[in-house]
Structures are given as C-alpha cells and as structure tokens.
Amino acid sequence: MFTIIEWSKLFLALGVMAYAAYQDYKTREIEPKLWLYASVVGAVLTGAELYLFHLYYPRIFAWALIDMLFSFIVFPFLYYMYKIAMLGGADMLAYLFLTFTLPWYPLTLAKVWGLRAISPMPFVVLLYSSILAVIVGLTRLIRNLTNKEFWEYVRERNLSKGQILHYALGGRVFKAKDYLNTKFWYLLDKFEEDEEGLKKRLERRVNLEEEPEDHRKMIRELIESGKIEEHEKVMASYGTPFLVYMFGGLILALILGDFWLRIIFG
C-alpha cells in the first residue's frame, strides 16, 4: 500500500509540474483549477500515507508531519511576494501543490538510492528553482555587459553603477521597432505625456498585473504618431516562466536532495 501511494504521489507531482511548465513556457497561462484538482488528489494521497505512518511507523509519522508543517511556513512569504506582484499566482499555487503532494522525500526512492533529503521537499525544490533562475540571470548579465546597445542605453539614461548591475541582470535593451516583435517582454520604460511633451521614466521592476500586449500596443502607437523613432532604445524585462525552473528544481531535488545537510551530518 505504501509503495502504491508513494508512486502515485510521485507521478502526480512530476506529471502536473511537467504539464504546467510546458504551459507556462508556451502561453504563461495556467488554469487555477489545475492546482485545485491536483492539490486535492495530492492531499488525499498524503493524508492516507500519514494515517498509515501513524498506525505502523510512529517515528516516521512525526518526521513527515514536521516536514509538512515547515513546508507551509514558507507559503505566507510566497503569498506576500504574489501580492506585491513579484511572483506569479501559478508559481505560488505550484508550491502549495507540492506541499500537499510531496511534503517529504519519497520513501520509495529512498529504498532505491538512499534518502536524499531530510528537509521538506517543497523547500528544496524552491531552493534549486531559485539557483536555476540565478544561473539564467548571470548569463543575461554577461550578455548585456558585452552588448553595445546596452551600454549606449546606459549612457543615454546616465545610469548609476547599481542601476547598471540591476538592469543587466534582469533587463534587455531593444530598439522600439524590434520590441514590437517580442512576446513575453514587459516594458520597463514608461512613456507619459503632459503639457511639456512626452516623458520617459524607467521603472525598477515589472508589474505582473500588466500585459506585454498593452506595452507593445503603446509603443506601436507612439511610433505611428511620430512621437518616438523606430530606433528609440527601450528597456524591457522577460516574463520568466518560473514553473520551468520549478520543474527543473523538482528533478534536481529528487536526484540530489539536500546533499549539503547530508555532508554536514554525515
């Protein structure tokens, strides 16, 4: 019974996260009901496993319960990140789904290649996801710092060293006409018109509540009205499909686990 439940949970987690990652990459749209239905199934399976632990393995039951409780502790922080538009709703719900479905390392896999993690699995997944995102950010940093148009934009806007680092990590410079051909890039340059004319203001971060389609429409209208040139440089930030990182983080968590703790505690 334990084996059936564990494999069911593992395949559920991998299947749902793989599908969500694909949808996030292709469309950036995930139906909330996916997380609802999947979380209910995951919670039922996890509840059944906890009940069996309680009956037959009281010590494992205590460890599993602690892992699950610690997984939930992180959720309020993710919810806050979502409320201030620094995290997508699907990313937050994906973490909640993993908390219900894989709150601890699958014991079935532990029998195959040893217990790879003693930490709560959702936390380990989130950690690896963040590391993958940082690696991508560093590649963007290198690309920007070696890009002529980026440095031309820096001089035009007279950016400070701190701003240069910030936008090199998370932004990219486009010519206005080229920005029209993008898909998931959020405009960081905001154009505002008053009695003195058109003004350009650089935002520090994107607002996930806005739509890139609206940004492209605005740039197109500004070009067509002659208010900006086609070659006007604008800064944009990519709408990162974080669920792709989370799926990668799940795979790494299953394979590597929290190896740093295993090294420390032998």
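Placed from the backbone N, Cα and C atoms, the Cβ positions cover glycine too.
The following features are taken from TrEMBL:
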DOMAIN    12-138  domain 'Prepilin type IV endopeptidase peptidase'
DOMAIN    165-259  domain 'Preflagellin peptidase C-terminal'
TRANSMEM  6-22  transmembrane segment
TRANSMEM  34-54  transmembrane segment
TRANSMEM  60-81  transmembrane segment
TRANSMEM  93-115  transmembrane segment
TRANSMEM  121-142  transmembrane segment
TRANSMEM  242-265  transmembrane segment
Range from 6-22, 34-54, 60-81, 93-115 with the greatest count of C-beta pairs under 8 A to the transmembrane segment (121-142): 93-115
Proximity of the transmembrane segment (34-54) to the transmembrane segment (93-115), 3+ C-beta pairs under 8 angstroms: yes
Stretch-averaged pLDDT - the domain 'Prepilin type IV endopeptidase peptidase' (12-138): 91
Tertiary contacts of the transmembrane segment (242-265), as residues 6+ beyond its ends and Cβ separation under 8 Å: 13-14, 17-18, 20-21, 23-25, 30, 87-88, 90-91, 94-95, 98, 105-106, 109, 115-119, 121, 124-133, 136
Residue counts (helix, strand, coil, in that order) that DSSP gives for the domain 'Prepilin type IV endopeptidase peptidase' (12-138): 104 helix, 0 strand, 23 coil
